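Peer 1: Dumping the structure here so I can ask a few things about it.
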């Protein structure tokens, strides 16, 4: 290619020295050599050698084969063809170097034939490789299909197993719900039995601890009754106490409030009389305020304690609140008595009454839902 370019430059210098008239007479385009329709007069006018017909056929065959080559071979062929086209255009303008260009093209054509042969061999090798790759791909595809079918079978088995587990879970959930209902029922029954076992008990709240050091608790209780409701002693005589103690039994010096006193009466009627008297007026003992309530189980006391804030607010609003056994709140509103088992029920009730809700402004404490009594 370097020799070709040197010859082209030499031809250009010679062409400059020719005048236009001589150049027009001697000019012969490369198309006349390529075109099969060129006349013999045109070919023999300048005494040019005849280009073999098989050369044109080889070039066309080469172009067809080059299009099928890989990108790297196609790029090289395009560059060479571009050189050929450039040289052909130069031959049209530079008639003086036409012979050298034709010889060069013939030589390049021979080289291209050799390259084309090499390319054929390369294409054959590529086809063989493609065939081997295609066979391998078919094997891989078949293997993938088999694996997909196996996965589908496993998915169906898993779906069937999952459906069985779901059914088992549903049955187990139903059993669990039934067990939870039974547990709630048993808890309610246990609380009810415990509360019934405490029906003869009274809880004394606020009695200072120092009184225990001077007198026994049963004497203190009798003095409380004597001081606040002496008519009970006048009617019944001496109050008989089966058992009385502090709760919890161990004193905690860190507590700022005195422990409660639990008293079990032998006579339930006397206990009820004392309880009703304590509801009518606050009891005092040696100037100290003491409160007497029915003794209940810890869970029932917890449920009743959840009503404390609501109870105080309802009393301020004049709703006449009452806590009924075991932990039900009742209020008197618009000439009707309303009852609620849980603080959530009460909150939903006042939410439906904006005027009452604005007055109340109470966020009820969470409490365990109480079951209805028998």
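For all residues, glycine too, the Cβ spot is worked out from N, Cα and C.
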Peer 1: Pick from 72-124, 125-177: which stretch is listed in TrEMBL under region 'Disordered'?
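Peer 2: Within the set 72-124, 125-177, TrEMBL attaches region 'Disordered' to 125-177.
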Peer 1: What range among 1-52, 209-260 does TrEMBL describe as region 'Disordered'?
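Peer 2: So the range that TrEMBL calls region 'Disordered' is 1-52.
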